[in-house]
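Heads up: the structure comes next, in structure tokens.
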Amino acid sequence: MGIPVGKSLLMLFTFLAFASCCIAAYRPSETLCGGELVDTLQFVCGDRGFYFSRPASRINRRSRGIVEECCFRSCDLALLETYCATPAKSERDVSTPPTVLPDDSPRYPVVKLFQYNAWKQSTQRLRRGLPALLRTRRGRMLVKELEAFREAQRHRPLIALPTEDPTPHGAAFVEVSSDLQ
């Protein structure tokens, strides 16, 4: 009788799937220019970074840059990968053995010792700037007394209160204002 409809549809869909895969494989790749090219390179290369031109090889002295290849011709993933930079070795890369220092290196800690003479010269230089009166013990005491006196002068009260009661024998003092008269 013939082929059932279900099987024929299944075969048709299978054929279309294979045909679309083959067409996609042989069709020319898309072109990338400008910002799209840079974004795609950043996505493909990631942390490695990328170059716009490959190092010149001996075989092909005139190598085209990625802009010339991807913008004017077709560009695919394999071509983009060739422009990715090689990753630099990280500090945690333990695949290579660390360099061994020679054993004859001195093991003494590097310490800058206190130099008394330099300290003494700097204090003498400071003392030369001070007046002779302030360098003596008596002079320093006079300066402290002078500072205490000035501090007391700065904090004196605004109103001097009398020590005695101004009213004689408890008599009340009545002030008459000039407005009432």
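Note: Cβ is positioned from N, Cα and C throughout, glycine not excepted.
Database features, via Swiss-Prot:
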SIGNAL    1-24  signal peptide
REGION    25-52  region 'B'
DISULFID  Cys33-Cys71  disulfide bond
DISULFID  Cys45-Cys84  disulfide bond
SITE      Arg48  site 'Important for interaction with integrin'
REGION    53-64  region 'C'
SITE      Arg58  site 'Important for interaction with integrin'
SITE      Arg61  site 'Important for interaction with integrin'
SITE      Arg62  site 'Important for interaction with integrin'
REGION    65-85  region 'A'
DISULFID  Cys70-Cys75  disulfide bond
REGION    86-91  region 'D'
CARBOHYD  Thr163  O-linked glycosylation site
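Structure coloured by features recorded in Swiss-Prot.
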residue	record	contacts (Cβ under 8 Å, 6+ apart)
Cys33	disulfide bond	Val67, Cys70, Cys71
Cys45	disulfide bond	Leu80, Glu81, Tyr83, Cys84, Ala85
Thr163	O-linked glycosylation site	none
Secondary-structure category, per DSSP, in which Cys84 (disulfide bond) falls = strand
If you tally other C-beta atoms within 10 angstroms for each of the disulfide-bonded residues Cys70, Cys71, Cys75, Cys84, the top scorer is Cys70
Cys75 (disulfide bond) and Arg48 (site 'Important for interaction with integrin'), Cα-Cα, nearest whole angstrom | 20
Per DSSP, three-state class assigned to Cys75 (disulfide bond) = coil
Where does Cys70 (disulfide bond) sit by DSSP, helix, strand or coil?
-> helix
Within 10 angstroms of the C-beta of Arg48 (site 'Important for interaction with integrin'), what count of other C-beta atoms is obtained when all protein chains are considered?
-> 12
Looking only at the region 'A' (65-85), mean pLDDT returns 83
